[in-house]
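According to TrEMBL:
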BINDING   A:Lys7, A:Phe8, A:Gly9, A:Gly10, A:Thr173, A:Asp174, A:Tyr179, A:Arg184, A:Lys209, A:Val210  ATP binding site
BINDING   A:Thr47, A:Glu74  substrate binding site
DOMAIN    A:264-340  domain 'ACT'
DOMAIN    A:345-406  domain 'ACT'
2 protein chains.
Amino acid sequence: MARLVMKFGGTSVGSVDRMKNVAAKVKREVEAGNQVAVVVSAMSGETNRLVDLCKQVDPVHDQREYDTVVAAGEQVTTGLVAMALQSAGVKARSWQGWQVPIRTNDMHGRARIAEIDGAAMLRDMAAGVVPVVAGFQGVGPGDRIATLGRGGSDTSAVALAAALQADRCDIYTDVDGVYTADPRIVKKARKLDKITYEEMLELASLGAKVLQTRSVEMAMNHRVRTQVLSSFADVAGTLVVDEEEIVEKQIVSGVTYSADEAKVTLIGVADRPGIAAGIFGPLSDAGINVDMIVQNISEDGKKTDMTFTMGRSDLDRAVGILEKQEKNLGWVKLVPDRNVVKVSVVGVGMRSHAGVAHIMFKALAEKNINIQAITTSEIKVSVLISADYTELAVRALHTAFGLDAE
Amino acid sequence: MARLVMKFGGTSVGSVDRMKNVAAKVKREVEAGNQVAVVVSAMSGETNRLVDLCKQVDPVHDQREYDTVVAAGEQVTTGLVAMALQSAGVKARSWQGWQVPIRTNDMHGRARIAEIDGAAMLRDMAAGVVPVVAGFQGVGPGDRIATLGRGGSDTSAVALAAALQADRCDIYTDVDGVYTADPRIVKKARKLDKITYEEMLELASLGAKVLQTRSVEMAMNHRVRTQVLSSFADVAGTLVVDEEEIVEKQIVSGVTYSADEAKVTLIGVADRPGIAAGIFGPLSDAGINVDMIVQNISEDGKKTDMTFTMGRSDLDRAVGILEKQEKNLGWVKLVPDRNVVKVSVVGVGMRSHAGVAHIMFKALAEKNINIQAITTSEIKVSVLISADYTELAVRALHTAFGLDAE
């Protein structure tokens, strides 16, 4: 007997028939002797509909009221899925965030879970009653409804699994696992049986949309074995686990890319002390995260070119802020560029294996792809390239690191 | 300064523009120096959508889960209307049933309000913050979400007005008040400025759809001055008040009709003791309310005809139950009839005025309308007639009792 949390996303509960499919999957686990808690998202499209209503009423609305409105989406699903389970002969009841309670802080719209009291649910589970818990929501100070922000249902599921000391958290979604690369781009991409928390965290941060970053952090911090698998296909997914569980470590486990990048180059900036602070201070004050930075020192040592990247949605704001500093910084030319992509290779094996960057640069050079900037961590190497070469670069790296399926 | 509860139904909050209209109405009362609490229904169509989803999942669903699903409709409206008020410069916050709390019993799907704790709301109102309260819902035993049944938002509003000791409860709807008859049938119908609780209760029970019966009972029991008025027209509505507030009492205040009736005649039943119990006992056991009863004694005293009425939706079930009793009761013929209507005149003035029934029968006789059954109370006379004559009868009675506008 195991204790499981099963989480179903918006497409998995997108219609009455799909909810019945969810009930069948849960029933199978219950009949196998497992204690199960279910976490559900809003039906697909519902959250967008509710967010649109809020925007129509007032584009700059009270986040507490926004939370009240959008949390209704998950509430509906909990009741319907509980009914579907009962209809399939499985005892079940719905739980809203305030009923559990799932206590959060007061950052409405992107609240963080502070505490989950799983006692009542554990009693139900021991009595064979499946709790169907609203994902994405909790209850903040003053008993106000709070939501965790987009994708928060994954975080709810992992946090609940931690609180219930579950043996595993299964995240059912519309893909059947984590791949070595996006299968739409790389035909030879392979599904991974296992991946470490650290790798999954890098992949999530670097643009892979399988799991929400915060849910992976949560899984890593509480060592929750988390499986990503398909609601629609009946096959094992990818297990996100502790590094120790993975016997044969690949140097690189996956190749990913993020198109959500933009680049600014300041040509001919005076090369004097404090210039970097003059550029990055105002950006930081405006809440703009700068990711990669490259500085080319000019030959005479008096002028320099600065290149740096940020999220694409921040570009216009960043340019506006920099233009206000033009006198102060005194550049010759400011060149914004949206046509860039960040391609990354990720793997815990890198820690014990030199030469990953070398293999990466060589593979890209062979395809005549110019590297505009580089950033690394202990388990990843990322490069910025022209967006024109996205697919070519991902495929070349997938081959170069021996990831192609046979 | 007065303390007001303003309730807005589904059509009044049916779109974002209409919610802005609601905010404007509330703002005007606040700016006039009043303390205001708002009660809202789900956006029109939303409750039906949610009920349909429940039926699709399982036609015989758990009522507690049904309540969880459908209560989400009001939750969405509270958040949106609170935003609309804030956007109009009025401080506001949403309240769900469990937040207030509005405690109910455990009759999920048609729960009754047991207690409302208005303390926190009163503090808000004193500080100029308008509570926007979800109608139709409360919280039952075990902190489960409970709903009051269809039309329950009127009851929520009146109960809240009682708890807050409000000076008035304004029910904004899509008609602008209570009329002496349905204006779609009687062109000369007049809007009543005032009507007594007792009259309103009879009218609500007898088919007038302006206010839900339970809300009128609640208003009467707690002496809540209740006004019915239009969300769309800017005119005074009808005030439902204590009899003492009405100086000049009409004999008849209104003429109404209910098409939701059906009739059964049992021809040639043996006229012996216990026969009525044999007919009405099984119907009562099945939860079928019999309304009017007429018995014609035959000349020889051995056979009798029994005619009785019930809600139209109960007719098929009633016939089924009676047919099982055929041997026992031994009638010659069972005649079901859906083509009947109950027409009623209502007025507290009847108490001190004889001859109302006489005027009624005479007016109908003059139009050659046959009366099939009669029932009376202290302040109403109802007759059952062929549905073919509905409009003719209502108009004739409206004229006969001097209600026509000049």
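Heads up, residue numbers simply count up from 1 along the chain you see.
Cβ coordinates come from backbone N, Cα and C, glycine included.
Nobody curates TrEMBL annotations by hand; they come from automatic prediction.
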Separation of alpha carbons, A:Glu74 (substrate binding site) and A:Thr173 (ATP binding site) (Å): 16
Rounded Cα separation (Å) that holds between A:Glu74 (substrate binding site) and A:Lys7 (ATP binding site): 12
Stretch-averaged pLDDT - the domain 'ACT' (A:345-406): 92
Which of A:Lys7, A:Lys209, the listed binding-site residues, has fewest other Cβ atoms within 10 Å: A:Lys209
Cα-to-Cα gap, A:Lys209 (ATP binding site) vs A:Thr47 (substrate binding site), nearest whole Å: 18
Mapped DSSP class for A:Glu74 (substrate binding site), helix or strand or coil: helix
Summary of DSSP states over the domain 'ACT' (A:264-340), given as helix, strand and coil counts: 28 helix, 30 strand, 19 coil
Collapsed DSSP category at A:Tyr179 (ATP binding site): strand
A:Lys209 (ATP binding site) in three-state DSSP notation: coil
Residue distribution over DSSP helix, strand and coil in the domain 'ACT' (A:345-406): 30 helix, 14 strand, 18 coil
